[in-house]
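Before any comments, here is the structure.
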Amino acid sequence: MEVEANSNNYYLSVVRRSSRRTSFPTLQGLYVSLFEGEITNDGLDFSVSNKNTGKAFNPKLIKITFLLSILISTILCLDHGFVACNLENIEKSFGVGYAQSSFIGSMVYMGFLIGCLSTGLFLPVLKSKVLLIGSLVCVVISGIYSSKSLSLAEIYASRFFIGFFQAFSIVYLPLWVERFSPQSNTTTWLAYQQLFSMIGIFFGYLLGGVLTCFTAEDISIYYMSLSEQISSLFVSWRGPFIIQSALIIPIIVVLIFIPGEILDVGDQERHSEVGYSKTTGLLVSGVDLRRSTNDNLLPDESNSNRRSSKLRRSSILIIPSQSIDPNSSKSFEIREICTNPIFMFSTLAVCGVYCFTTCTLFWLNQYFAEVIKVDRITSVFSVACIYLSGPTLGVYIGGITGDLINDRHPNGFGFILTLCTLLSFIGFIISMAVTHTRSYISFFWGMIIILFFLTSTLPMSIIVIMKSVSSKTRQLASAIAQFCFNLVGFLLSPVIIGIIMDVIEYFPFGALKRRYNPIEVGVKIMLYISLPTFFFYSLATFCSYFNCLISPKLTQKKIIIANQSDIPKQLFIK
C-alpha cells in the first residue's frame, strides 16, 4: 500500500506486488538480499517503506541495521536457553521445587509484561535510539548481577529486570522491520528475526548444557567457599550470564554510530500524524483506506500509465474526511485494538504456539532423563536438536509461504489464516499420537514434526496481527500482542505446569506420585496445548471470512454518508 501526496493532498493506492520471488529465509537468501541487491533492484520498496518521512535512506545502511537487529535478537535470547536447560541445577542450588525453579525461568517474562506496556507508551514520544541503547546497557548490568545472585530474592529481581529491559528491543524490532523493510519482503525479514531468536535459544541451551554436564552443583550455594563461588561464575549455570553480557557490549558500541533517523520509528510516526488532520486510516479486510477533503485527488491518467511498469494500482477509494485529533486518548486506541476479533484470536493462537515451545525448553530435558531414560548429555543435545530443527524449518517454510501468499493476495489475509488453521490441526493430531509413546526415536521425531507445523504459522500470524489494525495504532497493538505472548505463552504456561507437578510431587503420603510421574504429566499437558491453538486459529479464520462478507456493505454505507455531506469528495476505482 502506498499513500501518495500531491500538493499536500493524500490518496491511497493499493499496490499489487510483483509475483517474482526475491529472497528466502536461508543464509544464501540472506546474503543475496543484503549484498547483491535482489530485494530492492530499483529502490522502489525502500521508498515505499519510508513514505511517512519523505526521506531517502541509504539501502546499505538499512541492511547493516537489519543484520544488527538479527544479532540483537540472537544474543538477547541466549538466557532463555541456558536457564531452561539448567532448571534441575537451579533447583539443587537454591533448594526449591518445580514451581519455584520454573518461576525463576519465567520471571524474565514478568519483566517483559511491564516492559512491553512501558515501551508502547515511550516509543512514540522518545528517541528510539536512546531507548534501545539504554535498555541494552541495563541488560548487561542485570546479567552480571544475575551471575552473582546468592539468594532467591536476588535471582528473582535480576531476572525481572533482564526481561524488563529486553522488552524495549523485543517490541521495537518488529516495528523497525515493518517500517524499513522492503514492502514485498516484510514477512521474510520478520521470519529472519524469529529464526535467529530460536537459534539464540538453541546456542544458549547448548552453552548451558555443556558448562554443567561435567559439574555437579549438589550443595546449596549458601555453603560454598569463596573459591567455589568464583569458579561457579564460569563453570556452572551462572557462566552464560557473563558471556551474554560480554556479547552485548560490542553491539552497543556499533549502535552509537548509526544515525538516529534509521532507528527512530517514534519520530517517523509523529511525521505521519501531520497528515491525519486531513487524512485518516480505516482498515477494511486488510486494506488501509484514506479519507481526504480535497477534490483534486484523482491521479493523472498519463502518470499512471507511465508508472505502470513498476507499480500497478488495483483500486483507490477516497472518502470525505472527518477531523481527528492526533493526540487521541490511549483508551480509544486500546478499545479499537481489543474489539478487533482477528487481532485477538490470532494473538491467542500465537500464545498457544509459544506455550508449546516454552514448555518444550523447560521440561523436555528432564522428561528424556527420567521417563525415556537417557543420559544427560544425550538429553541436552536431543532437546537442542528438536528445538533447532523443528522451529527453524517451520519458520523457514512459514516465511516463504507468507511472502508467496502476499504476492498473490496483498490486500487480505483470509487465505493465510486458513493455512494456519490447517497447519495447527495437523500439529494437534500428531501431538495426540505422541502422548502414547515412550520410544526415544518416536518421541524425538514426533516432537520435531509437531514443532514444525506449529511454528510455521508464526511468521504468517505476526504479519496478520500487524495488518489487522490501523497504522496509527500499530505501535500500541505490537506492545499489547507482546504483552499477551509473554503473559500466556512464556510466563504462565511453565509456572502452571510446574505447580501441577509440585502438587503431584508433594501430595500427602505420596498418594499421587505413586500413580503418576510429575514430569510425564507435565509433558502431556504441554502436548494438549495444541488443541486451543487450533481452536483460536479456526475462530480467526471464521472472523476473517465474515469480515470479507460484511465489509463491502460497510464501505457502501460510508460512501452513502459521504454523498449526503457537503464536503468535496471523489471516488475513483481502477
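Placed from the backbone N, Cα and C atoms, the Cβ positions cover glycine too.
Record features, source TrEMBL:
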| type | residues | note |
| --- | --- | --- |
| DOMAIN | 65-541 | domain 'Major facilitator superfamily (MFS) profile' |
| TRANSMEM | 61-83 | transmembrane segment |
| TRANSMEM | 103-123 | transmembrane segment |
| TRANSMEM | 130-147 | transmembrane segment |
| TRANSMEM | 159-177 | transmembrane segment |
| TRANSMEM | 189-208 | transmembrane segment |
| TRANSMEM | 241-260 | transmembrane segment |
| TRANSMEM | 342-364 | transmembrane segment |
| TRANSMEM | 376-400 | transmembrane segment |
| TRANSMEM | 412-434 | transmembrane segment |
| TRANSMEM | 440-464 | transmembrane segment |
| TRANSMEM | 476-501 | transmembrane segment |
| TRANSMEM | 525-550 | transmembrane segment |
Residues of the parent chain within Cβ reach of the transmembrane segment (525-550), under 8 Å, 6 or more residues beyond its termini: 285, 341-342, 345-346, 348-349, 352-353, 355-356, 359-360, 363, 412-414, 417-418, 420-421, 424-425, 427-428, 431-432, 434-435, 450, 454, 457, 464, 493, 497, 500
Considering the transmembrane segment (159-177), which listed stretch of 103-123, 130-147, 376-400, 412-434, 476-501 counts the most C-beta pairs under 8 Å: 103-123
Selected stretch (most C-beta pairs under 8 A with the transmembrane segment (103-123)) from 130-147, 189-208, 376-400, 440-464, 476-501: 476-501
Stretch-level contact, the transmembrane segment (61-83) and the transmembrane segment (189-208), CB cutoff 8 A, at least 3 pairs: yes
Contact call for the transmembrane segment (189-208) and the transmembrane segment (440-464): at least 3 Cβ pairs under 8 Å, seq gap 6+: yes
